[in-house]
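This report refers to the structure that appears directly beneath it.
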């Protein structure tokens, strides 16, 4: 039985369980990674929710039953499945018992090429349904694009995709530290040869966040500063203040340094991982990594972005829109709403808007 939602105190997180409400499933990839995915079961069309970088399936649940997308979709007639990528807090095993250096040798490409297809096949097999609805946030959109560009046969298994804060290239990103990271990419690559995991799940860090992000904490400025530097979030009222200790106490959930480097490489375009000229010739038969071929994607797609999102920059999303064959809806949240990257997943305003505007209600019909 899976843990479903978190109530927070100053000292610890408490887990509330509702017997019979959730299921835990295990999927094993072609290269041996054991993926734990969670389900809120219904006899209804399946929807798959896919988290962002350094996060986990927790992100779809931590706001509780009234505000979390997973609960709301379940209440509105969907069979809800929650994905977890290799390397996060729920997925630290490989059946081949490989050493750490091999275990962490993945970027977002492996998640899109191996983890997602295997998960989708598993869901469709369990449910005996031929297609599912896909909802991805941030990295969850990246791996979707990777999957269909490299394995276009999966187009026919997706009914519709809703991509929240889509990220492909990061050419026009407004993230203030991107220049620093990119200019030190060679040093970071060298460091990654010795540090395989980044942003690991850490109980001590979680306790710190519970303390400083508490609405009554005298150290709340530390929480506000961290959220602004990382996400551009200016007003904590845009989130649910009472949920901040819960939100910040479950992240980060862990990923690989190679995945982080791959995102930094996206500063120059949406390409496969750049190993350097010599190895690129071996892997790709080219000195440069090829671009992901987005013209191979023909699933109906809804793109939702914001004018003030540092990561899913509007110019980059426009480029993505023009490369996709079947953009059903393209929605830009205006600047005056001050809607940042974090709010797509943790914002008090967004879930209700999403449900209302996309008819994600009643019998699981789009």
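Just so it is clear, glycine is given a Cβ too, placed from its N, Cα and C backbone atoms.
On a predicted model such as this, the values are computed, not experimentally measured, just so you know.
Features of the protein shown, as given by TrEMBL:
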DOMAIN    45-336  domain 'AB hydrolase-1'
ACT_SITE  138  active site, nucleophile
ACT_SITE  309  active site, charge relay system
ACT_SITE  341  active site, charge relay system
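Structure coloured by features recorded in TrEMBL.
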{"residue": "138", "record": "active site, nucleophile", "Cβ neighbours (10 Å)": "27"}
{"residue": "309", "record": "active site, charge relay system", "Cβ neighbours (10 Å)": "29"}
{"residue": "341", "record": "active site, charge relay system", "Cβ neighbours (10 Å)": "26"}
Residue 341 (active site, charge relay system) and residue 138 (active site, nucleophile), distance between Cα atoms, whole Å: 8
Residue 138 (active site, nucleophile) in three-state DSSP notation: coil
Residue 309 (active site, charge relay system): secondary structure state under DSSP, collapsed to three categories: coil
